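**Student:** Dropping the structure in here first, questions after.
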Amino acid sequence: MKNYKTIILSNQEISPGYYRMRLLTPGFSESARPGQFLMMRVQQSLPPLLRRPFGIFRTGFLPADCDGMPPKEYTEILYKVVGRGTNIMADLHRGDKVEVLGPLGRGFDVGDPGEEKILVGGGIGLVPLYMLAESLSARSKVRLLMGGRNRDDILAVTEFERLGVETYVSTDDGSLGEEGLVTQVLERKLDKFPSSSVYACGPMPMLDAVYRICHRRQVPLQVSLEALMACGVGACLGCVVKGAGHAEDNPRYLCTCKQGPVFRAEQLDWSRLGEEPGYCEGCKS
Amino acid sequence: MAVDIGGLTLKNPVMPASGTFGYGEEYAPFLDINRIGAVVTKGLSLKPKAGNPTPRIAETISGMLNAIGLQNVGVEDFIKFKLPFLRELTTPVIVNFFGNTLEEYGEVAARLSEIPEVAAVELNISCPNVKKGGIVFGTDPKAAHEAVSVVRRNLSKPLMVKLTPNVTDITVIARAVEEAGADSISCINTITGMAVDIKTRRPRLANRTGGLSGPAIRPVALRMVHQVVQAVKIPVIGVGGIVRPMDAIEFLIVGARAVQVGTANFVDPASMITIIEGIEQFLIEEGLKDIHQLIGSLEL
Ligand SMILES: Cc1cc2nc3c(=O)[nH]c(=O)nc-3n(C[C@H](O)[C@H](O)[C@H](O)COP(=O)(O)OP(=O)(O)OC[C@H]3O[C@@H](n4cnc5c(N)ncnc54)[C@H](O)[C@@H]3O)c2cc1C
Ligand SMILES: Cc1cc2nc3c(=O)[nH]c(=O)nc-3n(C[C@H](O)[C@H](O)[C@H](O)COP(=O)(O)O)c2cc1C
Ligand code: FES
């Protein structure tokens, strides 16, 4: 965990409204685990006041330059432009300075190598699944079910395929892959491969549906959640979600930034999670 | 750079504001905590407190709203789980606390008195969620006097009392608190505010209203610190919207003996270090040998 005062190596629009940003982060990849995130300060001046949380898509090395420069270690994020902060980010260029705090939070438990894995990504929720797929695909059979509203929301699928991951795409309007919800695909896959374990990230209503499917079938599920965050390190207690057994007179809040963002489904109180008000409105994914 | 804040000597006048630095350990990876003047911990109550429903935070221009609801682990778990980390620090630890009733204020104070690692306490009488007979302790001079008196009787350590800005005349409360035995005053806590999502037409905080903090509140905080400095003899600690060294220097000039940095920790975890270095640099540039030449040097 560190605050990196760093520069942007590249920042490109990869699909309408979605960007991929590559940052110079020496030492980051040794410590970054699948499912962790970073907090980015999008510019030195204020506003925007707070840093923005983003999942770590991948880390890697750029080969050594011909002019003898050593290999450069980088971190990549994928983001959707939704508001003030991400609009500023979309205008940044190679060489611009940003600050990132990370890697933060608890990532995925990679589980038992024997069992088959199903990853479910909704839109930008695909981000934390790439590093997970990287570490799982060497040991397990991995299938990625990727859903979105339309074809623009489907990102980086070929990169997953390159890892040997079997990918299935569905869109609400049928503009790419099959028409329908990613949860319908999940039901079918679980019929065929009932002993898989499931990892999911996406908008809350999707996670809620995934939870109900997995719960009914007694399939192990881990989810990566989003929450409004101010600090990202467990200091402000702004990012909490209701834990299992939560009640008005017995509140049990879990800190998304520190105890999450990845939770085992049974850690959470799902009774009202799907209708939580707030930032998820009009869903960003 | 050393200053005395009512019986507690700090090596420099910069410390975190309660609730924005957790229990210290959350920020240990990002800065050398022993370099800051003191650590101020998240507000404690006798029993653990769960806090408010979500969403608890909302960003506004140059400020954030929070309605955390004083979620904390409670005194006993603080001693068991948080103190071991704090004990290892060389910089003093100031514990912020509050009670739900007068009796509770007294009880927490007595318990904290017994703990040698606690150098001083900061009494929060400004919590909007904690009320006595419908009145927030910090907004009524008589209730404030009573709460501080109870704590004073039960406490053998330097006592800092934190004031709310949500009053008509902060100097009345400041004087009541001084008379009741406070050793220093920190001001201000957050300013009550609100934000609405125009699409859903719902408040952006589940609690509807929350406390505004960050650069947006600095001019208000500075004005109130200025007023309180004039009104009392005990040291005043300036809090509210401090982000850069020059912000802290402004507070020192109007007479704050020390400052607390809150929301800025979220933006840049090393901001307190930058502020300490910036004040040192300013003293050199201005040819001042002692920080006391800066404190209260306001020309009127
Ligand atoms: C752990 C985590 C990982 C994330 N990973 C990604 C990712 O990989 N790619 C991506 O595109 N987005 C991701 N998000 C969502 C992303 O943080 C928000 O879309 C972004 O903060 C919006 O900022 P803005 O200034 O453009 O929007 P604004 O609406 O202007 O933001 C206003 C405030 O709300 C906060 N906010 C708004 N939406 C969210 C949200 N969904 N989650 C948390 N805070 C929010 C902002 O940080 C800011 O403080 C992640 C969120 C979390 C919590
Ligand atoms: C997330 C958050 C939690 C806070 N919790 C407490 C608390 O527990 N006790 C307290 O006395 N003040 C609390 N405060 C108020 C701060 O200590 C400080 O007075 C206020 O934020 C103004 O300073 P700033 O503008 O530098 O943030 C909290 C503020 C924030 C933003
Ligand atoms: S974002 Fe501050 S505690 Fe999680």
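Each residue's number is its place along the chain shown, starting with 1.
Cβ coordinates are placed from backbone N, Cα and C, and glycine is handled just like the others.
Annotations per TrEMBL:
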type     : residues                                                                                                           : note
DOMAIN   : B:2-283                                                                                                            : domain 'Dihydroorotate dehydrogenase catalytic'
BINDING  : B:Ser18, B:Lys42, B:Gly43, B:Asn96, B:Asn124, B:Lys162, B:Ile188, B:Gly214, B:Gly240, B:Gly241, B:Gly262, B:Thr263 : FMN binding site
BINDING  : B:Lys42, B:Asn66, B:Ala67, B:Ile68, B:Gly69, B:Leu70, B:Asn124, B:Asn189, B:Thr190                                 : substrate binding site
ACT_SITE : B:Cys127                                                                                                           : active site, nucleophile
**Student:** Over the domain 'Dihydroorotate dehydrogenase catalytic' (B:2-283), what is the model's mean pLDDT?
**Tutor:** 94
**Student:** Tell me which of the binding-site residues B:Gly43, B:Gly262 sits in the most Cβ-dense spot, judged by other Cβ atoms within 10 Å.
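**Tutor:** Checking each of B:Gly43, B:Gly262, the winner is B:Gly262.
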**Student:** Taking only C-alpha atoms and a 10 A limit, tell me which of B:Ser18, B:Gly43, B:Asn124 are near B:Thr190 (substrate binding site). These are the binding-site residues.
**Tutor:** none
**Student:** Rounded to the nearest angstrom, how far is the Cα of B:Gly69 (substrate binding site) from the Cα of B:Gly240 (FMN binding site)?
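**Tutor:** Distance (Cα to Cα, whole Å): 19 Å.
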**Student:** So the record assigns B:Ser18, B:Lys42, B:Gly43, B:Asn96, B:Asn124, B:Lys162, B:Ile188, B:Gly214, B:Gly240, B:Gly241, B:Gly262, B:Thr263 to FMN. If I measure every Cα pair among those residues, what is the longest distance in angstrom, as a whole number?
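**Tutor:** Across B:Ser18, B:Lys42, B:Gly43, B:Asn96, B:Asn124, B:Lys162, B:Ile188, B:Gly214, B:Gly240, B:Gly241, B:Gly262, B:Thr263, the widest Cα separation comes out at 19 Å.
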**Student:** At the Cα level, what's the spacing in Å between B:Gly262 (FMN binding site) and B:Lys42 (substrate binding site), rounded?
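**Tutor:** Per the Cα atoms, B:Gly262 (FMN binding site) and B:Lys42 (substrate binding site) stand 11 Å apart.
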**Student:** Around B:Lys42 (substrate binding site), how many other C-beta atoms are within 10 angstroms of its C-beta?
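**Tutor:** There are 26 of them.
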**Student:** Counting other Cβ atoms within 10 Å of each residue's Cβ, which of the binding-site residues B:Gly69, B:Gly240 comes out lowest?
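**Tutor:** Taking B:Gly69, B:Gly240 as the binding-site residues, the minimal 10 Å Cβ count falls on B:Gly69.
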**Student:** Checking the spread of the substrate site as listed (B:Lys42, B:Asn66, B:Ala67, B:Ile68, B:Gly69, B:Leu70, B:Asn124, B:Asn189, B:Thr190): what is the longest Cα-Cα distance, in whole Å?
**Tutor:** 16
**Student:** Give the distance between the Cα atoms of B:Ser18 (FMN binding site) and B:Ala67 (substrate binding site), rounded to the nearest whole Å.
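**Tutor:** Per the Cα atoms, B:Ser18 (FMN binding site) and B:Ala67 (substrate binding site) stand 14 Å apart.
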**Student:** Taking the Cβ of B:Ser18 (FMN binding site) as the centre, count every other Cβ atom within 10 Å, in any protein chain shown.
**Tutor:** 25
**Student:** List every residue in the same chain as B:Ile188 (FMN binding site), at least 6 positions away in sequence, whose Cβ is under 8 Å from its Cβ.
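**Tutor:** Once residues fewer than 6 apart are set aside, B:Ile188 (FMN binding site) is near B:Ser126, B:Leu163, B:Thr164, B:Pro165, B:Ile170, B:Ile217, B:Val220, B:Ala221, B:Met224, B:Val225, B:Val239, B:Gly240.
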